[in-house]
Amino acid sequence: MISQYAQVIINQPSIHIDQYFDYKIPTALLGEIQEGQRVIVPFGRGDRTVDAFVVGIKDHCDIEDNKIKEIIQIIEEAPTLTANQLKLAKWIRDYYICLHIEALQVMIPGGMNIVKKERVFLNLARITEKCIGKNNTLESKVVQYIQEQNRPMDLDTIYRTFPGQENKRRIKKMVRENYLDVQEKFYMGIREKEEKYIMLSGKYKSQEDYLKEIKNTAHKQREIIMHLDHFPYKLRDIKNKLNISNSSIESLLKKELISITSKMVFRNPYHNRNFQNPRKTLTGEQKNIIEQFEYLIKKPSQKMLIHGVTGSGKTEIYLNMIEKMLKMGKQSILLVPEISLTPQMVERVIGRFGEQVSVLHSHLSHGEKYDQWKRIKAGKTNIVVGARSAIFAPLKSLGLIIIDEEHETSYKSSNRPRYHAKEVAEKLCEIVDCHLVLGSATPSIESYHSTENREYHLLSLKNRIDHIPMPDITLVDMRNELKEGNYSILSKELRRAIEQNLQEKHQSILFLNRRGYSTFVSCRKCGYVEKCPKCDVSLTYHQNNHRLLCHYCGYTKPTPKICPCCKSRKIRFFGTGTQKVETIIKKEFPQARILRMDVDTTRKKGSHDQIINAFKNQEADILIGTQMISKGLDFPRVTLVGVIIADTSLNLPDFRAAERTFQLTTQVAGRAGRSVLSGQVIVQTYEPSHYSLIHAQQHDYDNFYKEEINLRREMQYPPFKKLINIVFTGEDEESLIRKINTFYLQLTDYLREAGKGHLINDIFKPVPCSISKIKNKYRWHLIIKTNDLLLFSHILKKGYPKGVEESNNLNIAIDINPMSII
Ligand SMILES: Nc1ncnc2c1ncn2[C@@H]1O[C@H](COP(=O)(O)OP(=O)(O)OP(=O)(O)O)[C@@H](O)[C@H]1O
Ligand SMILES: [Zn+2]
Ligand SMILES: [Zn+2]
């Protein structure tokens, strides 16, 4: 028997309709409706219609047959989402606590949304002069207007033509009383791009025979025929060239002298680019990893972590793995951080695999993204390279997911659903039985920990290609500079190195981490930073009451005026921007050609690539930038990397501060000396004895990890316990505080009543976020640190606590496994 009912999720992001709705499949559509398809259904009051995703098909349903509504129409024949994607969406919904529709929408490119248009027609049978009234009423004007237009009109256009609330009310009344008929039309926000082609129809062999059918006076038609043959030409070109009208074309079509065909055009952002990347002979270490890979993938769903120092040739390994997959008839996804999607990575992949590659990232237009997606869906692509959301690429026989620079925070989405591409990839591997490879020179503590408990296989590359030595890293103690009377942001050492590099015509990179900027307080003489005694994170300075606050647990104390450690008065906030660094460098080295790369200089589309290319072509001597320049770049002539101040990341009020500092320092240092020209790195800091800097200086990930994992264990931070960060944002701080406190109390009450009182200690009391106000909106949060993530997400998922709901003036963001808590 053919199933008669469909379960759908309505495409409207509202908590009130976040559930399955059953619809009857009309006889005409029996056997046609499939899971993953998008359909139009009647929904809510009146004759309103909306689009929805079919997520299930079933044989019976509890609603009585005379009460159940029917599906109206199918939007696309082929299901938009696959069965596996539907499974994945359910998991995302439950794990990250979001609406089901949000979990479905995240899997398709933006712009594929369904748009509803309401077409208006005159109901001539009903419109008589009498009922429309005198000539000058609004009603008669509307009728006249529609008659004059002589084409289908959108309801919105009519509202716009007759603006004002009162007019709108009266037009609506005309619809209600059937003077106007409204037909709804649904279509996708993105259109396919078509190109029309024109050629002789094939009716005759020679042009003369065609011309015999055209009158001598029809000059234009004759001209067209004379320009055509039996090969297709772009209609657009012919039209422009001969300056012809549609009517000539139509006459020729009527006489069957020409034929017009259209072809879908693939909007390809990389067309006309000729990349080359010949295969390299693998080094011993690379070969070794490929052999292990080949052995491991004989077993189902394997997970691997490649820990390879900077410049060790990880990309070449990825390309080899992808090639192995192709030989097995399997497809691959290669995820890279958004920012490394500069030509370098794309060039290497397309250069090796050409047409088989699709690229997905946020700089593509909606149309380009959609075309890529369609190509993937149609099975024309075997490799997808992309940023975070490319994990949802609809490949049919996915065999391998690779995540490059897996430690990068950009793999975590900051909008709902707040998913992490690595966690989604792990789940996907389970669902479709494919393999997962993570790669990094500085693996996240969590990922490395999973190699210790054997969840992941560890594959290592200990040397750079050609055994090029790792660059020398010098830590410069800025406290000494101060003692010697140097108040500049450049130490003597860094200044000297830049100068020398300029003379030798080598390139330099100056790096400045701007995150967490100016929120911590430190002593410039001794480097002392105030930390929370209970949480071991830096205290944050709050301007409104001049106090220091731990935004994990709420511990607070007044801001000291003199350093508690060395009694100096030089205790102050921190802060230098890239622009300021640029000004200073320009002044000190007027002869240097400087490029700056930060959010300000990369706003325009393509500017990122432009700066990178200019630097690559040696059009500049010094590149100044933020984390954007810290990774992935491979410039042979860069021999000096300077870190202006390492402490900004060291003192982030976040338990991952040390990890971030180690990663950033290692990654930026990794940009230096990648060729035979050897490299030097100078890191300026007030805390040169910090373990993250010492280990980075010694290129010693293993010992950094050992020290860090012990701290995590001691403080019970991830991976030992999981975190949930719940952020309340709103303009009215008082009501915000009231609501988050209610939330907290209800949560603890619930646990007590459920007999889980011992878990109450897992919830920290609400406190202001370390960035306590953004764009006039106050931010408070509540952190849960627990072994029982599932229980908590279950409680939160149930919409508990009750009565604390999002509204216009209150936003509640629940972040499972947050990447940063500021
Ligand atoms: N087998 C090989 N033979 C010769 N050159 C190679 C080989 N493998 C890689 N290379 C080259 O070595 C350089 C460094 O490789 P790659 O950029 O892949 O390093 P990486 O490990 O990804 O470094 P990072 O983590 O710093 O991005 C590149 O220029 C690459 O073309
Ligand atoms: Zn001090
Ligand atoms: Zn604390």
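Every residue, even glycine, has its Cβ placed from backbone N, Cα and C.
What TrEMBL annotates here:
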type    : residues               : note
DOMAIN  : 295-461                : domain 'Helicase ATP-binding'
BINDING : C523, C526, C563, C566 : Zn(2+) 1 binding site
BINDING : C532, C535, C550, C553 : Zn(2+) 2 binding site
DOMAIN  : 558-735                : domain 'Helicase C-terminal'
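Shown here: features listed in TrEMBL, placed on the structure.
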residue : record                : DSSP (3 states)
C523    : Zn(2+) 1 binding site : strand
C532    : Zn(2+) 2 binding site : coil
C550    : Zn(2+) 2 binding site : coil
C563    : Zn(2+) 1 binding site : coil
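Compute the center of the Cβ atoms of C532, C535, C550, C553, which mark the site for Zn(2+) 2; besides them, the chain residues with Cβ within 8 Å of that center are P533, K534, D536, V537, L539, H551, Y552, G554, Y555. Listed in sequence order, the residues R524, K525, G527, Y528, P564, C565, K567, S568, K570, I571 complete the 8 Å Cβ shell around the Zn(2+) 1 site centroid, once C523, C526, C563, C566 themselves are left out. Neighbours of C535 (Zn(2+) 2 binding site), defined as other CB atoms within 10 A of its CB across all chains, total 21. Around C563 (Zn(2+) 1 binding site), a 10 Å sphere centred on its CB holds 20 further CB atoms from the protein chains shown. The CA atom of C563 (Zn(2+) 1 binding site) is located 16 Å away from the CA atom of C532 (Zn(2+) 2 binding site). Nearest by CA distance to C532 (Zn(2+) 2 binding site), out of the binding-site residues C523, C526, C566, is C523.
By a simple count of nearby Cβ atoms, those within 10 Å, the most crowded of the binding-site residues C526, C532, C550, C566 is C550. Counting other Cβ atoms within 10 Å of each Cβ, the binding-site residues C523, C553 show the lowest value at C553.
In this structure the C-alpha atoms belonging to C566 (Zn(2+) 1 binding site) and C550 (Zn(2+) 2 binding site) are separated by 23 Å. Filtering C526, C532, C535, C553, C566 by Cβ distance to ligand 2 (under 6 A) retains the following binding-site residues: C526, C566.
In this structure, none of the binding-site residues from C523, C526, C563, C566 has a C-beta falling under 6 Å of any atom of ligand 3. Within 10 Å of the Cα of C523 (Zn(2+) 1 binding site), not one of the binding-site residues from the list C535, C550, C553 places its own Cα. Per-residue pLDDT, averaged over the domain 'Helicase C-terminal' (558-735), rounds to 86. A distance of 27 Å separates the Cα atom of C553 (Zn(2+) 2 binding site) from that of C526 (Zn(2+) 1 binding site). Annotated pair C535 (Zn(2+) 2 binding site) and C526 (Zn(2+) 1 binding site), C-alpha to C-alpha distance, rounded: 22 Å. Between C550 (Zn(2+) 2 binding site) and C526 (Zn(2+) 1 binding site), the C-alpha separation comes to 22 Å.
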